[in-house]
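Each remark here refers to the structure printed beneath this line.
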Amino acid sequence: MTREREPGKSRTKSGSGTTDQVFCSFCGRSAQEVNSMIAGPKAFICDRCIKTSFDILRKEVNAVPPVAKVPEQPFQPRLVSPKAIMDSLGQYVVGQDAAKKSLAVAVYNHYKRIDSQEQQQADDEVVIEKSNILLIGPTGTGKTLLAQTLANLLEVPFSIVDATSLTEAGYVGDDVETILARLLHAADFNLERTERGIIYVDEIDKIARKSANVSITRDVSGEGVQQALLKILEGAVVGVPPKGGRKHPEQQLININTKNILFICGGAFEGLDKLIAKRVSKSSMGFGAKVKTTQIGYDPEILKLVMQDDLHEYGLIPEFIGRLPVISTLEMLDEKALRNILVEPKNAITKQYKKLFEMDGVELEFTEEALDKVVKIAIERGTGARALRSVLENVMIDIMFEIPSMKNTHKCVITADTIENKAAPEYFSGDRKKKKIA
């Protein structure tokens, strides 16, 4: 009776017992005949066969004629006039005209500065400095949307980072190099595109120094992060781990020059209005001037009077404030603005829902009363435009669950009762009204 040999192995008997002998699965040589043997799941290969395979592959590669490389065009962001930038922002962002105008001019000058660097003479005495931007405004006023829309318009890589996740190097959390790693990923690892991208740092007010007094304990997520950000905000060559951070310390670093990266920082800066009002009240003493107050506290116009000293008192260090020369404030959205946000922008949330329903062959309609009710609930929540989607999503989830199964339905009308009480919307099939299917 003969027994088949397991691939790459044979069993031999000796005086000390039975042993397995290993053979190369390609040439048949035993482990004793070669220098090394590499084992796979069901096969073995010796060093001689590896060398032979390598020589064959090298000959095949060399036999292929080289492909002529077309020289790549240098990456050039779209240089759009400030007026065109503002008009484009207006298609997606409702209101905030002062902030849009300020952003449009700052962004235009930033990329114009980049274009002029190549033409600038070495002996030119005038050097245009970088114009990073600080956006100050309540939650849900459009800070992130403005930055995102700018990047889309200019066709440059864009990345968002939450400042609250950042800590000093050596502490648990993300270090500032993570910001650049995310932009590198957004640019598909194209270094030239990365170095002309836009980074939006959200919640920048959360890294304000916790106290005006110098503390003996280290503030690793406040002043320490501000100090770490100074270098990349101003412009420096930073070694960035492509996989992002401290989890892969062995990876090779990619050097990114940040001098042409535009940084837009945004935050609500809750309580800043009180600091400004305090300063204004002191400076106006003796002249009978008073700071006007409203139901929401200080005059909404008060933030427009912000100065660098106010930001310093709030907790930002002077060096950090100096890296953000363009300061723009956003207004609290009123009822009319929120109503317009629901229906006017190109990507308005109601238009998005209508598009989704259209894919199922259903026409979606919101009554005027329903839209008013959405705005009213959003205002009560106090989170600005951000609440609009939350209110609608809470109502629409059940309807979107049912619609794909309602094959004969051609129209769905959302009423005020649907928004307020989650009552059934009005369904239409041809000329007949249908009730909601439970």
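Glycine too: its Cβ is placed from the backbone N, Cα and C atoms.
Remember, it's a predicted structure, so these values are computed and weren't measured experimentally.
According to Swiss-Prot, the domain 'ClpX-type ZB' annotation covers 12-65, on the basis of sequence analysis.
The secondary structure of Cys24 (Zn(2+) binding site), as reduced to three states from DSSP, is coil rather than helix or strand. The Zn(2+) binding site annotation in Swiss-Prot covers Cys24, Cys27, Cys46, Cys49 and rests on sequence analysis.
In the three-state DSSP scheme, Lys143 (ATP binding site) is classed as helix. Annotation comment: Swiss-Prot describes Pro138, Thr139, Gly140, Thr141, Gly142, Lys143, Thr144, Leu145 as ATP binding site, evidence class sequence analysis.
Note: Thr141 (ATP binding site) has non-local neighbours Gln96, Leu330, Glu331, Met332, Leu333, Gly384, Ala385, i.e. same-chain residues 6+ apart with C-beta under 8 A of its own C-beta. Nearest by CA distance to Cys49 (Zn(2+) binding site), out of the binding-site residues Pro138, Thr139, Thr144, is Thr144.
Taken together, the residues in the domain 'ClpX-type ZB' (12-65) have a mean pLDDT of 77 on the 0 to 100 scale. In this structure, Pro138 is the one among the binding-site residues Pro138, Gly140 with the smallest number of other Cβ atoms inside 10 Å of its Cβ. When the binding-site residues Cys24, Cys27, Cys49, Leu145 are compared by the number of other CB atoms within 10 angstroms of each CB, Cys27 has the fewest.
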